[in-house]
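Notes follow the structure.
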Amino acid sequence: MNLKALPAIEGDHNLKNYEETYRHFDWAEAEKHFSWHETGKLNAAYEAIDRHAESFRKNKVALYYKDAKRDEKYTFKEMKEESNRAGNVLRRYGNVEKGDRVFIFMPRSPELYFIMLGAIKIGAIAGPLFEAFMEGAVKDRLENSEAKVVVTTPELLERIPVDKLPHLQHVFVVGGEAESGTNIINYDEAAKQESTRLDIEWMDKKDGFLLHYTSGSTGTPKGVLHVHEAMIQQYQTGKWVLDLKEEDIYWCTADPGWVTGTVYGIFAPWLNGATNVIVGGRFSPESWYGTIEQLGVNVWYSAPTAFRMLMGAGDEMAAKYDLTSLRHVLSVGEPLNPEVIRWGHKVFNKRIHDTWWMTETGSQLICNYPCMDIKPGSMGKPIPGVEAAIVDNQGNELPPYRMGNLAIKKGWPSMMHTIWNNPEKYESYFMPGGWYVSGDSAYMDEEGYFWFQGRVDDVIMTSGERVGPFEVESKLVEHPAIAEAGVIGKPDPVRGEIIKAFIALREGFEPSDKLKEEIRLFVKQGLAAHAAPREIEFKDKLPKTRSGKIMRRVLKAWELNLPAGDLSTMED
């Protein structure tokens, strides 16, 4: 990294002095900003919406929504009313009670946000699903969570295998002309009849409110449960890291199927009473730059992949738009390349602030802040109230510049509460000494900045999304031509990594480009488009351990011309 440190930004930031705040901050201070600190009545969705609707912010715009067909805005008062309506629909027609799982499987739209907030208001645990998921991925998540209700659209309805999900009692369909039946309910018709007044279910701090499924390198996706207490850290990171101010227009580009789109696309901004922008439809530079110009976006949270795609569109494209409203730009999902930081400085005249966290942590943990110098390529420093370290495999802290496990001291407010139906997996995240081990390798420099070095396991980060190789391999071997498959992440200048599959064919099948395309489509239709291999290489056989596990590190060594390391466990 030959880029010089970018100096702290002058200005009236919410986090004024990092070192001083880090020394003295206590999470109890953050609790004072919530109505439940006085009333004892606690619900994250109430705090995000109703608290403002019952204050001087009631007529403030909470949501700007736009896509190719819709251009709408909703005040906090209207958000309260529409989410109340959604809560009443789920209660009356879905028999939803406290603790029930309600999954939302639909593209971005205002209704998605009304329904998620309404579900949480009545005590349900909301589970967002990415719209690109195919039947197999949807079934796995609904089955594991024992979801009682799923909300979808007519286009996605056929991907929900209702007859294979005995716990699923009701399917609500939003938009279109879906006929209500035994367990299919037309949401739009039901919502018209419902009151905008709702009896809110008051919760305890440790009651669940969000269930996000995340991929690992082995096993099926795991359900990470977050509890209402997480709102404390979601609020505080919105204040410090996003640096949200009363007058800000804020845009997080992430889909709510991913944890960033929920935590930083819903809760952090609205807990802070900010105006939130949601853009539906596909990415295009014209749409994105046009949104910033049209709505006067001040704070923008996106991902390195998106920034690289904007880079690819050329500086001339950016120059066509007035982007001077931007005050603060942030990135998440994968390490931020120095060339993207350089480009951001040139095109926006702004620093891009990298942030690090993961589904399991529930909110940002290690970040770059406006009040602090940025070392390009560094993750930054831990937020006040969080202790981070580099530890060895026994949990001993390592000195500066020694690479090891990136670990966080247990007990921050947004830490996952459990892994759904898998307490043993939850316990496996922790080391002696109370350390949560992230699965990332990193080192810390002498000034306390952390530097990401890669995944300890094999999870693939493609376009900012985590893809578990095991899930892709499992789908691949369902194809009749495939005997065995191994999947790795291959470095890519635009997407960070792409998925590459090594495949051994069954007897009677011959390698061909036509077969590659058929296999790619098979995974796309069975899992999701982003999970389909972009490269496929046929092999006579794949390297395996004696117990039969594919040795992905050997595949990666083949691909990148690296030493394969210890091969003592490989079968002959």
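These residue numbers are counts, starting from 1, taken along the chain as shown.
Cβ from N, Cα, C; glycine included.
Summarising the annotation, Swiss-Prot assigns CoA binding site to T260, S463, K524. Within 10 Å of the C-beta of T260 (CoA binding site) there are 25 other C-beta atoms, taking all protein chains into account.
The ATP binding site annotation in Swiss-Prot covers G333, E334, P335, D354, T355, W356, W357, M358, T359, D440, R455, R466, and the record cites similarity to another entry as its basis. Applying an 8 A CB threshold to same-chain residues 6+ apart, the list for P335 (ATP binding site) reads P304, D354, G377, M379, F452, G496.
A sphere of 10 angstroms centred on the C-beta of V477 (Mg(2+) binding site) encloses 14 other C-beta atoms. Sequence annotations record features per position, and here Swiss-Prot assigns Mg(2+) binding site to V477, H479, I482 based on similarity to another entry.
If you look up Swiss-Prot, you'll see K549 marked as N6-acetyllysine.
Long-range neighbours of T355 (ATP binding site) (same chain, six or more residues apart, CB within less than 8 Å of its CB): V241, L330, S331, V332, Q364, I366, C367, N368, G380. You'll find the Cα of T359 (ATP binding site) roughly 32 Å from the Cα of I482 (Mg(2+) binding site). Residue density at I482 (Mg(2+) binding site): 21 other Cβ atoms are found within 10 A of its Cβ, drawing on all protein chains shown.
Here K524 (CoA binding site) is positioned 16 angstrom away from I482 (Mg(2+) binding site), judged by their C-alpha atoms. Whole-number maximum of the Cα to Cα distances across the CoA-binding residues T260, S463, K524: 23 angstrom.
In this structure the C-alpha atoms belonging to H479 (Mg(2+) binding site) and S463 (CoA binding site) are separated by 26 Å. Taking all protein chains in view, 21 other C-beta atoms sit within 10 angstroms of the C-beta of S463 (CoA binding site).
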